[in-house]
Each structure stands twice: as structure tokens, then as C-alpha cells.
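What TrEMBL says about this one:
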| type | residues | note |
| --- | --- | --- |
| DOMAIN | 132-388 | domain 'Protein kinase' |
| BINDING | ARG142, LYS161, GLU259, ASN260, ASP276 | ATP binding site |
| ACT_SITE | ASP255 | active site, proton acceptor |
| CROSSLNK | LYS257 | SUMO2 cross-link |
Amino acid sequence: MSALDLNSPRENCAESFWIASPIIPRIISMPIILQDTLYLKSRNSLMKKHKFILTEKYIYYRTPLISMIRAKLTWSLIDSFYESTEKDVKFGFSISNNQGVQDFYTDSAETLEKWLDKLALICIMTSFDQDFVIIKDIDSGRFGTVSLCQDLNTGFEYAVKKVNKKELLEISKIEHLRNEIKILKKINHDNCIKAYRVYEDMDSVLLIMEYIAHGTLLQRMQKVRCFSEDEASAFIKNLIDLANYLHSSGIVHRDIKLENILMTSSTNNYEFKLGDFGLATYNKKFHKSKCGSPGFMAPEILNGEVYCSKCDIFSIGVICYILLTGKPPFSSKNIKITIEKNRECRIKFDGKKWKRVSPTAINFVKGLLSKDPLLRPSADQVQMHPWINKLTKSDSEYPIIIQSTIEPNKSLNHS
């Protein structure tokens, strides 16, 4: 049973593995991923052939006594094996979940690989050391280490996030990792990091993701100091489009910051992928749990108030401020002072660097950094701002909700 399965384990046998399915044969609502023949070993050790149907959540097959039975695949462990005798070699795999364990046999190594490739999209694999080799460590974070690894079959390089199971003793931490895995498997956007497989061994849970070789936005800013206004506009447009996609998909990231944005090009400053969905959650109407990174958090989170997806918009506003000036709006060497500045949200738009920034860009940043979330725009409203939407010709065409954010922010400008 996987460390990510929060259900209590039951009797560990093949009989308890299967449950009767309410679904009528040939009427399965979920998309069918694979439909093929496998063998099950009977009580007298004879092999019996059955046709199996694989979907995103279950594996089904028909029995003589019950029209259709199924087994849960979510958070199940997959382990491949082969059995050698004097006569032949049998290839197969086992699936284990909180209900029990079942062995499946294939008629060839090729059929086994076909099933393993499809099951890897849904389940948790256990063969990391047979499939990958770690080349070097890249980074370490709250819950584990990120390393560069290579697929031993294809030679392709990936990033692997390795989370020590000792860090998963609290249910809340397991839920964060489960959320990250579910969300990464769900999303499909050019500006989002892609996850390919999940592995588990005795000590760790390992998440295989695409490898991005050009560093983080923080590292890019340390090199270039600040972006031109055109570069910043192009970058933020892509980030807002991504936020709108996530929010429309019911996902709030809750930790958008420089370190979590991976640059995908060495020749421009607007191509990137957003990573680290460890604090991401599904977008209920309101949230209350306090999370994020000081200096990038919406004030309502720091104040312990309920918040919504607009917390991501505030974080993007902080990033935009940094891109245009090279400095964070709430900077301090003391973390407590940073948090207090972030909470109070007193932001200056004076100084030499802001004099070089267009009024339209300043209007844009002020709107995103509105302390009051009721005055802060949603992602789809931000998309219409003339600074990132070149089809909009003037500020007067921008939705009134953003125009209204300029007035409250006047008190934040100490010029």
C-alpha cells in the first residue's frame, strides 16, 4: 500500500482486491485507456484468460458469476515481475491498494511493457532504480531534493523531486503532496511544468517531471537586474494567461514567486514554466489556511482572512514590480519586517526607475497590488488591461474595476 493512500488497509489478498461494479458492461463513462487480454492465476494455479479494461481510476473485468468487477487504481502501487521455470518465462505485474493485492500475467514482455506504460500514467511505480539513474542534485526545498536524472531506456533527461517519507508523517503534508501530484497530472498548459510518473520506494516518493535547463526567474533577475517594459509586459501576459487557465480549471497555486518560475529560453525573457505546486489547492470559493512565501503573499492571507484565487494575482503583481524595478516592493533583511511590510501593503511608486515606466504600466501594477481583494481584479479581468492586451488602445477602455484600484493606491504612493 502506498504512503500516499490515506485509506485504512484491509485484508491483503486478491479476493478483497476486487469489488462489484455498478457499471453495466460496455457502458463505462470514463475514457478507456487500454483494453487487452491478461491472465489471472486461479486457486489451482491454472492461468485463466480475461479481457481487462483500464480507465483513469479503475481496472475492470467480467466474471462468470458477476457481470463486471473492478479495482481502484488511484494511489495504487505497481510492481513488475517475471517467473522462470524449466518450460517458460512468465511476465507480469502486481497492483496493490488498501483493499489487497492482485497479480496479473501477460503473454509476452512486449505486452507487459504496454501495460506498464499505461499504468504509469495512473498509478505509482516501484522500479525507479531500474528505470532511471540520478546524475546530480539541482535544488532542495521544504519537502525534499530535486535532482537531474536520465531515463535508462530512452536517454532523455528529467527532473525528479524526491520526498523523504519521514517528511510525510503528518496527514496535512501527505495531502499537499497528493494535491501536487493530482494537479500536475490534470493540467495541460505550455507554461506549466509537466509531470510524467510517480515512483515510491522504501524511503521516498519520487515525482518525475520535465527538466528545464535555463534556471529560475530569480537567477535570471540576478543576471539582468530588471526587464525592459516590453519584456516585462510579454512575460506578465503569459503569466496572467496561465493564472486564468489555472483558476478556470479550479486551481489556485498559492506560491507564485521568482524561485518557482523556470526559464525555458536563454535568448529571451518571456518564455517560462511555472513549477512547485506543493501549496496548490483546488479553488473552493474561499480559503483560510495561511500559506505562501513572505514578500509575495496577498495581505488577506497574512491577516488570517478568507481569500480566493485573487491571492495569485497579488503575487503576480509583486513579480511585475520586481521585473520593472529590479527590487521587491517589501524588501528587508529582516524577515519579520518583510512580513509586516507585506501585510500593510504600503508600496512606493516613486524613484528614478518608476519615472522611466509608462503610466499604463504603473496603473497595471497598482491594480494587481491592491490591498483590498474586492478591488483587485481577477485573472480574466487583468487580461483586458491595455498594458498586456495590445488590442486595447487606452486606459479608458479598461474595465472600471481596475480604474477603481488607482484611487485606493494613491495613499500608498509616498512621492
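Cβ atoms are placed via backbone N, Cα and C, with glycine included.
On a predicted model such as this, the values are computed, not experimentally measured, just so you know.
In this structure, LYS161 (ATP binding site) is part of a beta strand by DSSP. Packing around ASP276 (ATP binding site) is summarised by its Cβ count: 22 other Cβ atoms lie within 10 angstroms of its Cβ, all protein chains included. Cβ contacts within 10 Å of LYS257 (SUMO2 cross-link), excluding its own Cβ and spanning all protein chains shown: 22.
Spatially close to ASP255 (active site, proton acceptor) yet at least six residues away along the chain are ASP276, GLY278, LEU279, ALA280, CYS291, GLY292, SER293, PHE296, SER315, judged by Cβ distances under 8 angstroms.
When other Cβ atoms within 10 Å of the Cβ of LYS161 (ATP binding site) are tallied across all protein chains shown, the result is 25. DSSP gives GLU259 (ATP binding site) a helix state. In the shown protein chains, 23 other C-beta atoms lie within 10 A of the C-beta of ASN260 (ATP binding site).
Every protein chain considered, the tally of other Cβ atoms within 10 Å of the Cβ of GLU259 (ATP binding site) stands at 16.
If you take every residue in the domain 'Protein kinase' (132-388) and average the pLDDT, you get 93.
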